[in-house]
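Q: The active site annotation in Swiss-Prot covers CYS156, HIS211, GLN231, and the record cites a curator's inference as its basis. If you look up Swiss-Prot, you'll see 52-63 marked as compositional bias 'Polar residues'. Among the features that Swiss-Prot reports, region 'Disordered' is placed at 1-68.
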Amino acid sequence: MLEHGVMKIPGINNVGKTGQAGGETERIPSTEPLGSSAATSPAGPLGGLPARSSSISNTNRTGENPMITPIISSNLGLKHRVTLRKATLASLMQSLSGESSNRVMWNDRYDTLLIARDPREIKNAIEKSVTDFGGLENYKELTGGADPFALMTPVCGLSANNIFKLMTEKDVPIDPTSIEYLENTSFAEHVNTLDSHKNYVVIVNDGRLGHKFLIDLPALTQGPRTAYIIQSDLGGGALPAVRVEDWISRRGSDPVSLDELNQLLSKDFSKMPDDVQTRLLASILQIDKDPHKVDIKKLHLDGKLRFASHEYDFRQFQRNAQYVAGLG
């Protein structure tokens, strides 16, 4: 079926106009959240964390994944919390080179818990779709050459949606494409309403950039609140391409200025001089912080800016990440 000009293939992640898997076309400003469609692939049963199987790779005899830092009390010092956050994200990214972890993490079934996704069922759905299309060659021809069995490098919407789910879900599925986005609301004023003693993640759908990304706002322990960006980018717009693994490795634990974020996500951004716009984009969203790699001529300053925030429990985030990393 066609959705926003993209062929949707039941049961698996889909391929956008760019030829990238994920069913999303980047760099097209829209009033709808990127990745607004949910696939119809089957998923495992809903519920809490599934029992760990001895067949799951990367686990020790306790059933815990040794790559993940042990889950401990949330009453942590700032330095320790920063270290735990960095280790959790690094272990998650490392696991995505594994077939099962990759398929579970970058699936577009948003109506079930991410930790209820079953990699075997996802693979079976892929195989069925390939068969329905008359074989692998026919499938590739109809989807722009995409290999459905290859490890996925997610476009911005797919990575933002799924990491948002991973961070926020506990007992109830959260669909990032169905949540209420704030529009015509000051980002700076909204952040000021958030409880500084709680963790929040903000999902940003920026039509000016044709881009979707996350802002992680860990609980404040002392001093000014810290913000971190989590993103992938297909490229072709104002910013160059970047894989989510590379971003997490190099800048995922690099705090960004809330003052700069407030400027970037303000209505006044479109009125700022070109050099200021370039500097802000490079500082916040360019992996090298290099203004020469920002092309502001590709901005769509009349595009809509929308965002939504959600509280998360860091220990639950660790558990969810541990599930994905333990799949291998």
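Here the Cβ of each residue, glycine as well, is placed from N, Cα and C on the backbone.
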Q: At the Cα level, what's the spacing in Å between HIS211 (active site) and GLN231 (active site), rounded?
A: 9
Q: Cα-Cα, whole number of Å: GLN231 (active site) versus CYS156 (active site)?
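A: Approximately 6 Å lies between the Cα of GLN231 (active site) and that of CYS156 (active site).
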Q: Out of CYS156, HIS211, GLN231, give me whichever of these active-site residues has the highest number of other Cβ atoms within 10 Å.
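A: Counting every other Cβ within 10 Å of each candidate, the maximum falls on CYS156.
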